Amino acid sequence: MNVVRRLTSIASGRNFVSSDNVGETETPRSKPNQNREETESTETTSYEKDSVSSSENSDHLPKEIREDMDCGIIKGNGTESGRIITTKKKGLNDQKDKTISYRAEHVIGTGSFGVVFQAKCLETEEKVAIKKVLQDKRYKNRELQIMRMLDHPNVVELKHSFFSTTEKDELYLNLVLEYVPETIYRASRSYTKMNQHMPLIYIQLYTYQICRAMNYLHQVVGVCHRDIKPQNLLVNNVTHEVKICDFGSAKMLIPGEPNISYICSRYYRAPELIFGATEYTSAIDMWSVGCVMAELFLGHPLFPGETSVDQLVEIIKILGTPAREEIKNMNPRYNDFKFPQIKAQPWHKIFRRQVSPEAMDLASRLLQYSPNLRCTALEACAHPFFDDLRDPRASLPNGRALPPLFDFTAQELAGASVELRHRLIPEHARK
């Protein structure tokens, strides 16, 4: 196995370049509604119009798909600048259906999953993001099913959904989402380009909100995101409110049921996934959160592996060789596998800058080999690293107030001990 040769060379002080150059994208290649970072060309024309057709053309589709429809299917599938998309939204409580029109403005993201474009609702002047994904006509779309369940300040809001077709009779699902202008990825890179570090208050603020969103997904909804990375973390650059997006890989994990291990973008992929585990838990998301937090301090990925083998090597170079029990906890099938002994590096040498003991402690609690030893999302929110946010005098660098951080619902705190609740909600925020 190449990982053993790589680690043996590291242990002996030699450099070894792996010949394992198997092409591996940053995200898995398994189904149409999973996000993948590849390019797709688009055209630009102006002021063409797509309009909703009658529901008759949906009659040939399976019942599962028809149940997902708010209206009929739109004929045409344009995302070109200026194109008008007119659809309908079902009225609530016996109210009439609403006609809604969107004007496509420009593409803001592309990939094998489809395309995301910015648009404006003509009735309200509100900016939205529309994610268009190819829909398998045989199945319900898992991303749509999950997004309809979500309602949290740190999760991007699904406003509307509709289906559209092409001349080739391809069916596309269009998810109309709230528009958030920035990503944590771009925010982090902007500091790196200026040879600056992201201010600590932003690292604390962003990581805290990610953890709060993870607690909501894991404990309230029962969903594992499975692709947490800076590109999937939206941030409002005025309020600095963070929202998780892209649920194309998300899934409700059922104990005892197998799942694919080739999931999650490589740099943020938990080691049990690299070991091929199929009965993993939402702890894979918490590993990803630890990777994101470290990246905000470093300005670059903590574990930048070029292949799955290289990824494991990068992890072991920092965390050291996993103990036999840790390997068993990640995947029992690898219980007897022997790795060369590599010592773990202390965190202060990893960060190479003045980082608080609290920050290093949280990173170490998130980046544990054993999934069951990683702290939960709610435990992470209560960590002393975030105590600055709980200070009643805390504010953004420009003096503006922090976004709401402590307005937990009863569902979010369900099962939390009195002590944990006390640590989570500062006295000034208690009702």
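Here the Cβ of each residue, glycine as well, is placed from N, Cα and C on the backbone.
A simple way to gauge crowding: the CB of Asp227 (active site, proton acceptor) has 26 other CB atoms within 10 angstroms, across all the protein chains here. According to Swiss-Prot, the feature active site, proton acceptor maps to Asp227, an assignment based on sequence analysis.
Per Swiss-Prot, ATP binding site is recorded for Ile108, Gly109, Thr110, Gly111, Ser112, Phe113, Gly114, Val115, Val116, Lys131. The Cβ of Gly114 (ATP binding site) has 24 other Cβ atoms within 10 Å, all protein chains considered.
Swiss-Prot lists 12-24 with the feature compositional bias 'Polar residues'.
Residues or ranges marked as compositional bias 'Basic and acidic residues' by Swiss-Prot: 26-39 (among others).
Residues or ranges marked as compositional bias 'Basic and acidic residues' by Swiss-Prot: 46-65 (among others).
Residues or ranges marked as domain 'Protein kinase' by Swiss-Prot: 102-386. Model confidence over the domain 'Protein kinase' (102-386) is summarised by a mean pLDDT of 94.
All chains included, 14 other C-beta atoms sit within 10 angstroms of the C-beta of Tyr262 (phosphotyrosine). In the three-state DSSP reading, Tyr262 (phosphotyrosine) counts as coil. For Tyr262, the entry in Swiss-Prot reads phosphotyrosine, with the evidence type similarity to another entry.
Summarising the annotation, Swiss-Prot assigns region 'Disordered' to 12-65.
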Requested in this report: To the nearest whole angstrom, state the Cα distance for the pair Ile108 (ATP binding site) and Asp227 (active site, proton acceptor).
Outcome: 19
Query - Long-range Cβ environment of Val116 (ATP binding site), under 8 Å and at least 6 residues apart - result: Val107, Ile108, Gly109, Thr110, Ala129, Ile130, Lys131, Lys132
